[in-house]
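> So TrEMBL has the following annotated:
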- 11-188: domain 'Formyl transferase N-terminal' (DOMAIN)
- Arg72, Met97, Arg98, Ile99, Leu100, Asn114: (6R)-10-formyltetrahydrofolate binding site (BINDING)
- His116: active site, proton donor (ACT_SITE)
- Asp152: site 'Raises pKa of active site His' (SITE)
Amino acid sequence: MVSAESGAPCRVVLLASGAGTLAQSVLDSAGGSDCPYRVVGLVSDRHCEAVSRAEDAGLSTIVIRPADHPDRSAWDSALTEAVCGMRPDWIVSAGFMRILGEAFLGEFAGRVLNTHPALLPSFPGAHAVRDALAYGVMVTGCTVHLVDAGVDTGPVVAQCAVDVLSDDTESSLHERIKIVERELLVDILEAAARGRLHIEGRKVHLS
Ligand SMILES: Nc1nc2c(c(=O)[nH]1)N[C@@H](CN(C=O)c1ccc(C(=O)N[C@@H](CCC(=O)O)C(=O)O)cc1)CN2
Ligand SMILES: NCC(=O)N[C@@H]1O[C@H](COP(=O)([O-])[O-])[C@@H](O)[C@H]1O
């Protein structure tokens, strides 16, 4: 595993599909003088605000739309090729709304972090905040995990709890989760880039 301890900052590629506020937090923190990583590109499945944010930051961006490929496998292979071309050490899925397939994980398994707006294994999938509200939980939160072939089943790296307020809507709760999510994601990415994530099966230890 490459780490900035070897000298050069780690190369990070962002995956995002939406507003890109989490991606922006990673971009903003990468500007720090002692930051152990630098963002080298952003790849998306759709033209979205996250792509615009990366373009505004002068980054390389690529959009790989499922509709432009005959099937999911072809899309996954095209995504893999695009990300490979950016020569990442780490990949960060920050609001990326597609399931990464066999080709991608065959190339990058162990080096893909995802941030999820719930305390996994509760409420996996594309609608975690809505599902947590509907269930009536009083505490939810966010999880940063390594990505595996399952949906939000990869080893948990870090979590942070967020109280659900009685008058919360999906939007108000999600915005409060994102506040802590942004900080957690940057902290974990910095640790990963410094080679401080130690994976033993499903257990992840930070040194
Ligand atoms: N192999 C994996 N890929 C991805 C994971 C993962 O855990 N394993 N996490 C996602 C991010 N994510 C939750 O954090 C997530 C995103 C999207 C979906 C989903 O069901 N997507 C649908 C399409 C949704 C849409 O069209 O907007 C789908 O892919 O069919 C589930 C979980 C990143 N990738
Ligand atoms: N299941 C995946 C998922 O729901 N991801 C979530 O999308 C949001 C992206 O916010 P942003 O577009 O403002 O960065 C984040 O809350 C992230 O956890």
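A Cβ is built for glycine as well, from the same backbone N, Cα and C atoms used for every other residue.
Bear in mind that TrEMBL entries carry predicted annotations, made automatically and left uncurated.
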> Using a Cβ-Cβ cut-off under 8 angstroms and a sequence gap of six or more, which residues of the chain neighbour Leu100 ((6R)-10-formyltetrahydrofolate binding site)?
Asp76, Leu79, Ser93, Val112, Val147
> Given the recorded positions Arg72, Met97, Arg98, Asn114, His116, which lie close to Asp152 (site 'Raises pKa of active site His'), meaning Cα to Cα within 10 A?
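Hits: Asn114, His116.
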> Tell me the Cα distance separating His116 (active site, proton donor) from Arg98 ((6R)-10-formyltetrahydrofolate binding site), rounded to the nearest angstrom.
13
> In sequence order, what residues of the same chain, 6+ apart, have a Cβ less than 8 Å from the Cβ of Arg72 ((6R)-10-formyltetrahydrofolate binding site)?
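Those within reach of Arg72 ((6R)-10-formyltetrahydrofolate binding site), by Cβ under 8 Å and sequence separation of 6 or more, are Pro66, Gly101.
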> Could you tell me the C-alpha distance between Met97 ((6R)-10-formyltetrahydrofolate binding site) and the residue listed as 'active site, proton donor' in angstrom, no decimals?
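Each residue's Cα considered, Met97 ((6R)-10-formyltetrahydrofolate binding site) and the residue listed as 'active site, proton donor' end up 11 Å apart.
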> How many Å lie between the Cα of Ile99 ((6R)-10-formyltetrahydrofolate binding site) and the Cα of His116 (active site, proton donor)?
13
> What three-state class does DSSP give the residue listed as 'active site, proton donor'?
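The residue in question, the residue listed as 'active site, proton donor', is strand (DSSP, three-state).
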> Enter the number of other CB atoms within 10 angstroms of the CB of Asn114 ((6R)-10-formyltetrahydrofolate binding site).
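I get 23 for this one.
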> For the recorded positions Arg98, His116, which Cβ has the most other Cβ atoms within 10 Å, all shown protein chains included?
His116
